[in-house]
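The structure under discussion appears below in the form of structure tokens.
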Amino acid sequence: MAKKRDKRLSNINEIKTQIINVKTELKNGVFIFSSPMTIGEFAQKINISGTEIVKEYFLKGKMYTLNHILSEEEIADLCFKHGYDFRVEKEINASNFLDNIEFEDKKEDLETRPPIITIMGHVDHGKTTLIDKIRKSNIVSTESSGITQHTGAYQIIYDNKKITFLDTPGHEAFSAMRARGSKVTDIVILVVAADDGVKPQTKEAIAHAQAANVPIIVFVNKMDKPSKDLNRLKNDLSVSGINLEEWGGDTPIVYGSALKGEGIEKLFENINLQAEILDLKFNPKRHPLGVVIESKMDKGVGSLTTVIVQNGTLHKGDFLVAGPRYGRVKAIYDTNKKPLKKVGAGTPVFVIGLNYAPSAGEKFVGINDEKYAKKLSQEREDSEKQEKFLQQTQTISIRRDNDKKIFNIIIKSDTQGTAEAIKDLILQIANDEIEVIVVSYGIGVINNSDLLLAQTSNSEIIGFNSKPNPNIKQQAEDLNIQINSFDVVYKIVDYLNEKINKMVKPKFEKRTIGRAKILKVFFYSKVGNIAGCLMEEGHVKSDSFVKVYRKNKLIHDGRVETLRKGPDEVKKIEKGFEFGLRIKNFDDIKEDDQLEIIEEFRI
């Protein structure tokens, strides 16, 4: 039987016609470029010595090397200095075409697609309870089919209309993942507890939605709580930039109780109404374009990727380019584990067969030509390698300049999205003396490759829901490679903060803690002069530092050797008491000398 002809509109022609390659060159006195470059590369293009440029920066007090990456402003300054004009041209290539190419569809080919909803809110405001109530199932359960759900992507039907929900993690540690969620989202449901009001994560969710220009529906949860304060809540929402319909704005507000199932239908009604206003369309007659929601390596099926098609139709057997690689879709399942032959826009599905785990938030494109899919993915891989090389080169240059201590980390997690979120979180843990470098991050169990990389890069391995087997653990111990596994993200943060603090050279400052006056000097042949003193202010300890002043002039800066009260050695003397004091290696004390008592404090 002849293979059925694929009548879907190909994406290839629009990609080929809109790709713009910019040649970096000096042409007719104008330096044309599209992206940052190193001093060495710039010097080569304008035919001068790179060392000359390095010297120019040195005279300005900047210690650059030939591998320093020049910013657009620095390139412009160098062009003017050497007598050239410049022009920055936007390049559309394999690495960025999905963000820049426009795919045009005929109006008569368009159909309505389901709205994609992201539920956001502060921790403990009832977001998970609302999700559970909407799904009418326990979100944390693991299905028995061999495919475990980690996506929080699901679809319901209300009033004969499909609604797709994305659940983004509720902790601010996952800001990056939540921001990605906003990019594929049509409507945000903002869950706010009636008895707690607007909190930091509420404001963060509002900021993400507004930055992505996504409309918001507010769901006021826990209306059954007697301590609710709706006036304060609405005022706080207004201050945070939410213009409620009740106050003449355009943001709907729904009141309810997720626990009791109250307000859910009203919420669905508002979603469908908002979706009608948005007039969400897609062309089912073209090859797919969409976004990766999550990906992981599943023991039973290999690579398991959750995607949402944003335009076109995804078919079993399609070639997808996502990130620097491509793969063929061997199977498609909906979120109820039902196998599908194809899926349109707005419906979350599991895809099997990509043989790799693309990053969460990565855009994908369906290509009906394997050779071209391979070409695109290879070009993207080459571009990413070049970008990574430039970043590493710049990092090495910065390290030389700032002379910081380096703490290298390798991250292994159960999902790609979580690994990236942890990476972003870890990179925020730094100070003036320690630079944290994430050498590598990925998914799966901790293995031999991780040990090899850790050994060559002097890295520590951090696992999240990822542990080494006993053999790998023993090898790590033999190689003196540290592995720490966690199941709570913020335990990683606490651990790393503690470790970094131990790496920092402690800093101290001296503070005055007391003042005393020498009343009389006693001489003992075995020890030398002992000062008989009165503690006038504060206190003195047996290990305190002491400054000796005579007629307001500092004559000695030393340390207490012995501290006595009567015949007994003591550790501390308080204000108002007389005491005996021996200053280490100093005998030139006299009556009426003033003592300033100093203590070192760690800062």
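One is the number of the first residue shown, and numbering goes on along the chain from there.
Yeah, the Cβs are placed from backbone N, Cα and C, and that goes for glycine too.
The model shown is predicted, which means the values in this text are computed figures rather than measured ones.
Pulled from Swiss-Prot:
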DOMAIN    112-279  domain 'tr-type G'
REGION    121-128  region 'G1'
BINDING   121-128, 167-171, 221-224  GTP binding site
REGION    146-150  region 'G2'
REGION    167-170  region 'G3'
REGION    221-224  region 'G4'
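For the region 'G4' (221-224), same-chain residues at least 6 beyond its ends with a Cβ under 8 Å from one of its own Cβ atoms are 121, 125-126, 129-130, 191-196, 255-260, 262-263. The Cβ of M223 (GTP binding site) lies under 8 Å from the Cβ of A194, Y255, G256, S257, E262, G263, each of these being in the same chain and 6 or more residues away along the sequence. Within 10 Å of the C-beta atom of D124 (GTP binding site) sit 13 other C-beta atoms, taking all shown protein chains into account. K127 (GTP binding site): 27 other CB atoms within 10 A of its CB, across all protein chains. Along the region 'G2' (146-150), the predicted structure has mean pLDDT 39. Counting residues per DSSP class in helix, strand and coil order gives 0 helix, 1 strand, 3 coil for the region 'G4' (221-224). Under DSSP, residues within the region 'G1' (121-128) fall into helix, strand and coil as 2 helix, 1 strand, 5 coil.
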